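One structure below.
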Amino acid sequence: MAPSGSRSVKRSCQRVLYWIPVLFISIIVAWSYYAYVIQLCIVVCLLTYHVLFMMFVWAYWQTIFTKPMTPVKEFQLTLADKEMLEREDRSESQQEILRRISKDLPIYTRTMSGAVRYCDRCQIVKPDRCHHCSVCDKCILKMDHHCPWVNNCVGFSNYKFFMLFLAYSLLYCLFIAATDLRFFIKFWTSGLPDTQAKFHIMFLFFAASMFSVSLSSLFGYHCWLVCRNRSTLEAFRAPAFHDGADKNGFSLGFNENFRQVFGNDKKLWLLPVFSSLGDGCSYPTSLVKRDAEQPPIPAGHNSPTQSTGDAPQFPAKPLRESQSRLLPTGHSWTRNEQVEDQDTRGTSNPAMIIENET
């Protein structure tokens, strides 16, 4: 076994390495500012450039430094439940304990085998659409993926920021490429003065064009995911519900799918400020019709910065304020089962059924 000191040094080195992609992007952006403003210096375009530059940097900053949300305390096991779970050797008995623990939680998804989704590392019952990130080593609400370019998990708390980061970075690169094109042509036709600026202009156009191509495909893919209310993980592994796997189980239609990420306030759609609907722990589905006799529930809003100590208490299924306000007419909640694989990595009990995380 390696000494604890060496493990600590290794972990510190890993943290430093994780920031290299962020540092690379920051250097590219800083250089592009110098090349465009100082060397190219198209006065009539500087106002538009600075608006795009500021929005891009703001969205990028929010994506990097917004802390991913983790499940609230209602999903955590008590000490007595943990001890009871550890004493059981049979997976059937363990699942019976987990079912009892989760019966009053707004959980409608399970693993492929029908087991309650449980994370042995975090010792929590997983909310719907929650996954354990091996890099962050914690469960992330509505985890989409861990992005090395922002050194952060993209999930419920910062997915809107990530979408705006892609959008503004694409506009930023396209704007630079478009305004730099005529100077790039002059460079190859020998119509550009032989100064230091000509090399910045050439490489600025090349870098902007290259990033525009890659960003357009990535942004287009995530727009497709937003329109269908899926995460990247769900696109590769369709969630399984009570009647089987359904890749559109969380889709409520284009309008509602868009509002789940960007919110109801149109003034905030283009700003990197949190406006997503819900609390990250529970989500509406489109699998069953709403009970006509169910009384309406007033709308509410939950902030991503809400601490676990102030977390709302979950009522009996299926009534929940943050859930009901997300539902359009004709939609309701259902007890569903989510597809997940078995994974014994990181578990102390080989009989425990947990989710295979990416």
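Just so you know, the numbers here start at 1 and follow the chain as drawn.
Cβ atoms here come from the backbone N, Cα and C positions, even for glycine.
Where the annotation comes from TrEMBL, it is an automatic prediction and has not been curated.
Source: prediction; values computed, not measured.
Listed features, source TrEMBL:
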type: TRANSMEM; residues: 16-34; note: transmembrane segment
type: TRANSMEM; residues: 40-61; note: transmembrane segment
type: DOMAIN; residues: 117-236; note: domain 'Palmitoyltransferase DHHC'
type: TRANSMEM; residues: 161-179; note: transmembrane segment
type: TRANSMEM; residues: 199-221; note: transmembrane segment
type: REGION; residues: 291-358; note: region 'Disordered'
> What counts of helix, strand and coil residues does DSSP assign across the domain 'Palmitoyltransferase DHHC' (117-236)?
Replying inline: 67 helix, 16 strand, 37 coil
> Mean pLDDT, the domain 'Palmitoyltransferase DHHC' (117-236)?
Replying inline: 91
